[in-house]
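**Student:** Next up is a structure, given as structure tokens.
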Amino acid sequence: MVAAAAATAANPLACSLFPSKGLRGTASGLQWTKRQCTRKTGPLTVTAKFELKPPPYPMDALEPHMSKETFEYHWGKHHRAYVNNLNKQIEGTGLDDMSLDDVVLVTYNKGDPLPAFNNAAQAWNHDFFWESMKPGGGGKPPGELLQLIERDFGSFDEFVQEFKSAAATQFGSGWAWLVYKANRLDVGNAENPCPSEEDKKLVVVKSPNAVNPLIWDYYPLLTIDVWEHAYYLDFQNRRPDYISTFMEKLVSWDAVSARLEVAKARAAEREIEEARKKKEEEEKNFTDKNPPEIFIDGVADDSESD
Amino acid sequence: MALRSLVSRKTLGLASSGLKLQFRGLQTFSLPDLPYDYGALEPAISGEIMQLHHQKHHQTYITNYNKALEQLHHAMEKGDSSAVVKLQSAIKFNGGGHVNHSIFWKNLAPAREGGGEPPHGNLGWAIDEDFGSLESLIQKMSAEGAAVQGSGWVWLGLDKESKKLVIETTANQDPLVTLGPLVPLLGIDVWEHAYYLQYKNVRPDYLKNIWKVVNWKYAGEVYDKERA
Ligand SMILES: [Fe+2]
Ligand SMILES: [Fe+2]
């Protein structure tokens, strides 16, 4: 992983044009991206765009549930490599003046990912993962979040079971997520794994390798990293023990609640926006079908009198 | 799928010691012995890694594979097609894990028992012909192994149609046969569990050192058998 990224980083241009087989990227895909996304008009300013944010607590703050050693490697080596390699990959490609969210979405490239997708999504996922935990975490979620969980999963215990099972059964490397689903059926970018008319709902999903629910237009609320590097030093092969410890001792329900607020606000905003668009559309259609009538004095009468 | 795995395992003469007969003729599998001690591959691969990898990881694939086969057996008896289809992913993953690790153990040997000794005979010639040299094969395979996203394997295989050697990678526990008519000669596990306790995030170092314990003699035997 790291080496792959390091190797590609040595020659970002070649890598962009000839992406590795595993990514199924295409040269035309990249050009499409460039045309769509380059917003600068002047000469390109080359900057190291994304920064490795320090974790929101000291590296030993999650002990004994997540060791300092695990944290030092996971944040200091793995996360750092994703960010550094992303910066090298996107330099001068037109992606380097976008937000990380947008880079994730654009490089996913409708299921035909560009080379930078893995590093971009992993940089995003890890930021989000650190903030999903806190020292003295775990327990039960507060008020409204708990009510929504009970509404959508039956009970808190049933939610915990579903989340744990998603995390345990993700084959190979990946992530398990709690998301707020406020999307349309057609998300335009990918196949929606939970297509249903029912919106504004909490859902548990899992994703392979770097894949992030933003591509399905879901709003992530909570995640657990189930790459082996996330738990191997502390739990070795015992992934289920790591998942239980995460749920019981580490989850920051405050963070999840705060994200839920943003998710709901965003969904509401979007609803208003869509209603406005729909109305505009209808008005436009009405105008198209009923063009204003223009009478020229005398002409109509003359033709009839003929 | 299950049947195919059984057949390919028999053809390759793999895990024959791990085959057990159980109720109503349903075959289940048990963990094959390692052909060397856990610590015998040190310093290239630590004894702790080998023990966890064999006793825990490989055992878990076998346990879950047997479970899935039993469920498959019941689903087929009942004629429950949707249950049969639903079991395919667990069979591919866990059965693949068993197939792949059974090959992997044979692909390694302690240095004092010939591990790392370059291939002689037909395989040696074929490598020179298809890759230029053993060094360039090693370099290419290491680079492709390092580039695998997430968990997976890098393989040296024999294409049964073109009779050429090929380097391929597979994701997760997909066995090499999922890519076509390819015979695995050498598979290297690039899951993090294969190296993390010793090499941490530095997969390329693991891929540099593993060549010191590769059992080319075994790969050569498989090659000769396939070309015969
Ligand atoms: Fe991670
Ligand atoms: Fe393995």
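Here the Cβ of each residue, glycine as well, is placed from N, Cα and C on the backbone.
In case it's useful when we look at the structure, here is the feature table from TrEMBL:
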DOMAIN    B:28-109  domain 'Manganese/iron superoxide dismutase N-terminal'
BINDING   B:HIS53, B:HIS101, B:ASP189, B:HIS193  Mn(2+) binding site
DOMAIN    B:120-219  domain 'Manganese/iron superoxide dismutase C-terminal'
**Student:** List, in sequence order, the same-chain residues at least six positions removed whose CB sits under 8 Å from that of B:HIS53 (Mn(2+) binding site)?
**Tutor:** B:HIS101, B:ASP189, B:HIS193, B:ALA194
**Student:** Summarise the domain 'Manganese/iron superoxide dismutase N-terminal' (B:28-109) by DSSP state, stating how many residues are helix, strand and coil.
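**Tutor:** Across the domain 'Manganese/iron superoxide dismutase N-terminal' (B:28-109), DSSP assigns the residues as follows: 62 helix, 3 strand, 17 coil.
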**Student:** So if the criterion is CB under 8 Å to a CB of chain A, which of the binding-site residues B:HIS101, B:ASP189, B:HIS193 qualify?
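**Tutor:** In terms of proximity to chain A, the binding-site residues that count are B:HIS193, given in sequence order.
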**Student:** If you count the other Cβ atoms within 10 Å of each Cβ, which of the binding-site residues B:HIS101, B:HIS193 comes out on top?
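**Tutor:** Sorting the candidates by Cβ neighbours within 10 Å, the top entry is B:HIS101.
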**Student:** Same chain, not part of B:HIS53, B:HIS101, B:ASP189, B:HIS193: whose C-beta falls within 8 angstroms of the C-beta centre of the Mn(2+) site? Give them in sequence order.
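**Tutor:** Once B:HIS53, B:HIS101, B:ASP189, B:HIS193 are set aside, the remaining close residues are B:HIS54, B:HIS57, B:HIS58, B:PHE104, B:TRP191, B:ALA194.
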**Student:** Per DSSP, B:ASP189 (Mn(2+) binding site) is which: helix, strand or coil?
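**Tutor:** DSSP assigns B:ASP189 (Mn(2+) binding site) to strand.
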**Student:** Please compute the mean pLDDT of the model over the domain 'Manganese/iron superoxide dismutase N-terminal' (B:28-109).
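**Tutor:** Mean pLDDT, the domain 'Manganese/iron superoxide dismutase N-terminal' (B:28-109): 97.
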**Student:** Kindly report the helix/strand/coil residue split of the domain 'Manganese/iron superoxide dismutase C-terminal' (B:120-219) according to DSSP, in that order.
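**Tutor:** With helix first, then strand, then coil, the domain 'Manganese/iron superoxide dismutase C-terminal' (B:120-219) has 50 helix, 24 strand, 26 coil.
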